[in-house]
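Asks: Below is a structure I'd like to ask you about.
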Amino acid sequence: MNINHKGVLKLTKMEKKFLRKQSKARHVLLKHEGIQAVSYPTQSLVIANGGLGNGVSRKQLLLTLEKCGPVEALLMPPNKPYAFVIFQTIEESKKAYFTLNGKEIIDDLGQKIFLYLNFVEKAQWKNMGLEALPPGLLVVEEIISSEEEKKLLESVNWTEDTGNQNFQRSLKHRRVKHFGYEFHYESNTVDKDKPLPGGLPEVCSSILEKLLKEGYIKHKPDQLTINQYEPGHGIPAHIDTHSAFEDEIISLSLGSAIVMDFKHPEGVTVQVMLPRRSLLVMTGESRYLWTHGITPRKFDTVQASEQFKGGIITSDIGDLTLSKRGMRTSFTFRKVRRMPCNCSYSSVCDRQRKATPPSLTESSKEALELEQKHVHQVYNEIASHFSSTRHSPWPRIVEFLKALPSGSIVADIGCGNGKYLGINKDLYMIGCDRSQNLVDICRERQFQALVCDALAVPVRSGSCDACISIAVIHHFATAERRVEALQELARLLRPGGQALIYVWAMEQEYKNQKSKYLRGKRISQGDKDELNSATSTEEFLVNQTPEGVNEDPALSVNSSSITKEEEYKSRKVPNSELPIHINRTCFHSQDVLVPWHLKRNPGKDKAIEPSGVAGCPDPSPVFHRYYHVFCDGELEASCQAVGDVSILQSYYDQGNWCVVLQKV
């Protein structure tokens with residue numbers, strides 16, 4: 001594209017559009033990545049949309065760039081939507097700038113991508129990776145022959161005995177078989193007193209004997225889990241339950257290579273290539289302390305020079321490219337533990353951790369009663385006060401809504417006071433909520449809203465282009481009901497439609513940064529106008545807290561003033577086994593009650609007797625709202641239990657776990 005920078009000629013409509021796109025790309029790189037573009041030519045360029053994170057491979061991008069001259073270096077940071085290129089001369093980089101800006105290419109998934117280039121003073125990338133495997137981790141390449149691999153794969157019959165749930169299950173896009181003992185996913189344990197008939201398959205015997213003889217394992221396994229994964233799916237990060245299995249856990253990768261992510265509790269992440277026919281051995285720290293998981297995607301970032309060499313993926317961004325995943329089957333062997341775990345990692349050991357307060361029962365009836373008392377009734381009674389503290393929409397939710405095509409039909413499931421219903425006037429939005437009083441507030445604001453349950457939305461299947469569910473699903477009291485809520489969202493979407501979901505996070509400190517919920521927020525001089533419009537300083541502070549918090553301003557405390565003993569204290573609500581969470585502190589239980597001190601407006605509010613507390617014409621009664629706060633990876637795991645959806649994006653946003661789903 002030939003662009004007139006001098007302004008002598010009048011820019012065409014397409015040129016104006018291009019300049020806007022290029023400027024936006026420059027702004028996004030500066031804001032989110034700290035990459036500063038310069039206005040004068042240099043040898044180095046940053047290429048927005050040309051990264052591994054966009055599905056652009058090194059080979060494809062290099063072929064495009066070399067048409068402008070010899071490339072001295074092409075740097076492609078892992079999982080990032082941009083790349084750096086360094087040409088030998090400034091003239092060559094100028095040629096790339098003028099000829100490739102706005103160029104359309106097709107990524108490895110067949111989607112159109114437009115490149116936007118800007119000059120940078122220096123192409124650089126801060127290496128944050130670890131260059132060594134986690135202690136106790138071993139990857140052995142070519143541990144079996146191709147003939148042995150074929151025998152193992154052919155021994156798995158996925159069509160027989162599908163009705164027998166004792167050893168075969170379908171986890172949507174992941175098929176699972178158990179031998180020796182069934183692994184119970186709801187409790188992450190095995191029933192040690194109920195072995196499955198038949199033991200381990202005979203085809204595994206010679207391989208296990210070989211591993212024992214060569215010293216890769218010390219104990220012969222008695223439990224086997226076989227998983228089959230389609231490209232694009234993975235496993236949430238987890239640690240195999242300490243009390244269920246012994247130290248050694250080994251896994252064979254068959255059919256396709258994969259990159260597995262290992263993460264230390266302090267935040268260090270290591271990506272490890274598991275080649276086809278390789279053996280992964282986890283012992284000691286890597287087994288007990290580090291989480292392991294597989295990110296759901298169709299391509300892995302690998303080293304270009306050694307694509308399928310086992311071991312750590314180095315952080316050399318001059319040698320990274322994409323590798324397409326295939327159908328992978330894993331054989332994971334474990335030894336069931338018979339004695340209590342006495343490992344050195346008590347902070348993550350289910351046996352050694354300090355006992356937590358009892359949680360709720362899984363009974364559907366009791367779950368419904370809990371939700372009725374500590375969610376439905378409470379929000380109906382605090383609706384007016386709650387609405388007065390909810391004005392400011394969250395930027396990334398606004399971004400999602402504004403990116404939708406004009407005329408899209410969008411459902412806000414659990415819309416509250418409707419603060420997102422009017423964000424984009426070009427959309428047809430409808431809201432629903434379980435609270436009649438909150439729906440009435442929506443109608444007063446001229447929004448379309450109705451009363452219904454999020455598990456049974458009276459809207460035709462496949463009729464929505466998009467849905468949002470903001471701070472709703474964490475109010476359901478069982479894992480099954482939370483998955484049902486996700487399934488209902490998926491039912492509403494047309495094929496290709498997207499859903500944005502926010503839930504409150506257990507991790508209120510993430511990547512060494514405390515959420516605004518823990519930090520609180522001082523009122524600055526610039527906030528006077530909003531403060532003056534609020535009924536109190538406390539209400540202003542509430543509006544600055546994370547989306548899922550809905551915090552009671554009257555109970556806000558400085559987390560630094562809470563002692564360790566007070567943090568663990570389990571205050572109880574009458575007739576409830578759930579602990580009351582202390583606001584502005586970290587969570588120590590996933591199932592909690594969060595207080596709300598109701599402020600009444602004598603001229604408007606009716607004197608409502610709170611159903612969540614005994615006693616009562618208290619002018620400032622306390623209500624307790626039920627929450628299930630989600631751990632890292634839990635929301636993605638719940639989404640994977642839903643059929644016909646794929647996870648487009650997952651991220652952390654100020655104390656909330658968030659995903660974008662797409663109906664397939």
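Cβ atoms are placed via backbone N, Cα and C, with glycine included.
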Asks: The Fe cation site in Swiss-Prot lists His238, Asp240. Which one of His178, His184, His292 belongs there according to the record?
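Replies: Between His178, His184, His292, Swiss-Prot records just one in the Fe cation site with His238, Asp240, namely His292.
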Asks: Using DSSP with the three-state reduction, classify Cys349 (Zn(2+) binding site) as helix, strand or coil.
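Replies: The three-state answer is coil.
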Asks: For a quick check of packing: other C-beta atoms within 10 Å of the C-beta of Tyr229 (2-oxoglutarate binding site), how many?
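Replies: The answer is 22 other Cβ atoms.
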Asks: I'm trying to understand the geometry here, so how far is the Cα atom of Cys341 (Zn(2+) binding site) from the Cα atom of Arg334 (2-oxoglutarate binding site), in Å to the nearest whole number?
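Replies: That comes out at 15 Å between the alpha carbons.
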Asks: Near Arg334 (2-oxoglutarate binding site), which residues of its chain come within a Cβ-Cβ distance under 8 Å, counting only those 6 or more away in sequence?
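Replies: Sequence-distant Cβ neighbours: Pro221, Asp222, Gln223, Leu224, Thr225, Asp240, Ala244, Phe245, Glu246, Glu248, Ile249.
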Asks: Just how spread out is the 2-oxoglutarate site if you go by the largest Cα to Cα distance in Å among Asn227, Gln228, Tyr229, Arg328, Arg334?
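Replies: Across Asn227, Gln228, Tyr229, Arg328, Arg334, the widest Cα separation comes out at 20 Å.
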Asks: What is the interatomic distance between the Cα atoms of His242 (Zn(2+) binding site) and Asn227 (2-oxoglutarate binding site), given in whole Å?
Replies: 21
Asks: Residue counts in helix (H, G, I), strand (E, B) and coil for the domain 'Fe2OG dioxygenase' (220-337), per DSSP?
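Replies: Result for the domain 'Fe2OG dioxygenase' (220-337), in helix, strand, coil order: 5 helix, 62 strand, 51 coil.
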